[in-house]
Ligand code: HEM
Ligand code: FES
């Protein structure tokens, strides 16, 4: 392309531009960036479809009548497809839990912190061992309650005390207390 | 690729000539596993397991596709459709037993294949890429087998899924959200079962793709051999067909004999009775164990019982378990000895037979045993040795060891002398 006059024709501008940026480079970068943003945008739904769907989340709160549980008894309920332990502690179990110095524990918490005010005897926890997720024993009649009288996980030997706090074995934390509230004196809503 | 003396494919009739022009598939096969592929003349039976692994992959895909025709991945009916396959579907029991035992045999074969690689240092230059792709295949196999075991939706399926996805929960902060995301719920359920089925169907084809890369990479330097001395002349080789097609065929016969014995006479020997009980999210079986082929790694996972500085025990176990396999990726660079074959490495050989092999045996046994003493202590010792072996002993041995003299060539190793060597053409033993 002979540019003898020294003035830029539209063609030479299109190729070289005034500042050395070629029109083609611009189109190239713009197109690739646009495709890149598009590719990232489709990753989002692809990743997010794996998360719990609406119907799974809809099961995420459960009401339980706890009025009929006698002191020393426990029931197994289901919350989010996982076992939930509801246990009415005996006065002996409460004092046993309060006797230990909470700050000396692996996951320091007092019984009062793990129950609702005025319901110190109502222990609501997930029935899911915090180690690798087995269901601990001790909720049903006659099951092994471990060395601390609470729950015992047979999978790798985690012992929980009467406040369902981890005392011995590989589990890193206490049995999880889910979010719940008393909707009346005898009914709790979990989740 | 390949050697100058490799035979060339010659299409003989009109049809093969036509094909060779339009789509030279016969040429590819001829050069890859036919008479056009020169292979060391001294390969032992330890070199059979690659082909056997390929056979297992095909076996799993064929039986798996058949099973998928009768199975339904829905938590309400999955256990029932599995029993339906066993009782009602014509030959369904055979397809299922062949698939379940096929997975076990696949792992037996691949473990032997990998340990062949350890002993003969097949991972060394120029075969690093073959090895790296092999480790990728192994990781994919583990993922596939794990998800497949969940599909019958028995007690072990369910609790295995729960415990293994629970491992991710060990990662600080992001662990729990990742676990929920992987399962699509708060515990294994329909969402998890469906995605596991989808991925279990897909992954074997991904494996097939990586196997093609694996074999492509293999065909650049060609196979190593029991002496570890590289091919020098045509005399060191024989064409793959008919020599190794015959040898591999014989090996396949032995394999099928053992496989059929298991499928027809001991079909449940390697399984767990608990998996014939339908999944129950509210009751854990007394003794959860993974399938036997995961035992060594499960033992490493459980070997960590106390916190390590500020890293919780549970996370340490998870990291160690993954590291136990990832360390294989670095083998080509950890083992610096220029000699490949363990037959010429006196010190390496001792550590292989009296160090690595017993350690793997201990880990294997402890992984299947309950988490009690003495098994916990034994797995701790074995785990320590396992990492010591790869990270310290191998590099150290390769720097202090005095290897035994190598034969001049493969031909000399086989025939006792090599005419070329006697002529003094090149007397420095190249590695
Ligand atoms: C689906 C699984 C696999 C298939 C189908 C497969 C297939 C093969 C085949 C056909 C060969 C050539 C024959 C032989 O040397 O035995 C081979 C060689 C090899 N494979 Fe594999 N393989 C698989 C998994 C693995 C794994 C998991 C590893 C290692 C972690 C591995 C490492 C190697 C190495 C290093 C070689 C070259 C050995 C030599 O020539 O000395 N492979 N593979
Ligand atoms: S899952 Fe409970 S101790 Fe491991």
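For all residues, glycine too, the Cβ spot is worked out from N, Cα and C.
TrEMBL does not curate its annotations; it predicts them automatically.
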Which range of B:293-313, B:377-397 is transmembrane segment, per TrEMBL: B:377-397
Stretch carrying transmembrane segment according to TrEMBL (options B:228-249, B:250-271): B:250-271
Range annotated as transmembrane segment in TrEMBL, from B:75-96, B:97-118: B:97-118
Long-range neighbours of the transmembrane segment (B:97-118), counting only residues six or more past its ends (CB under 8 A): 46-47, 49-50, 52-53, 56-57, 59-60, 63-64, 67, 131, 134, 137-138, 141, 145, 148, 255, 258-259, 262-264, 267, 270-271, 291-293, 328, 352, 356
Distant-in-sequence neighbours of the transmembrane segment (B:196-217), which means Cβ under 8 A and at least six residues beyond its ends: 32, 54, 57, 60-61, 64, 68, 71, 73, 127, 129-130, 133-134, 136-137, 140-141, 143-144, 147-148, 150-151, 161
Any contact, the transmembrane segment (B:130-151) to the transmembrane segment (B:250-271), with at least 3 Cβ pairs under 8 A: no
Region pair the transmembrane segment (B:163-184) / the transmembrane segment (B:315-331), three or more CB pairs under 8 Å: yes
CB contact flag for the transmembrane segment (B:315-331) and the transmembrane segment (B:377-397), at least three pairs under 8 A: yes
The domain 'Cytochrome b/b6 C-terminal region profile' (B:230-408) [mean pLDDT, rounded to integer]: 92
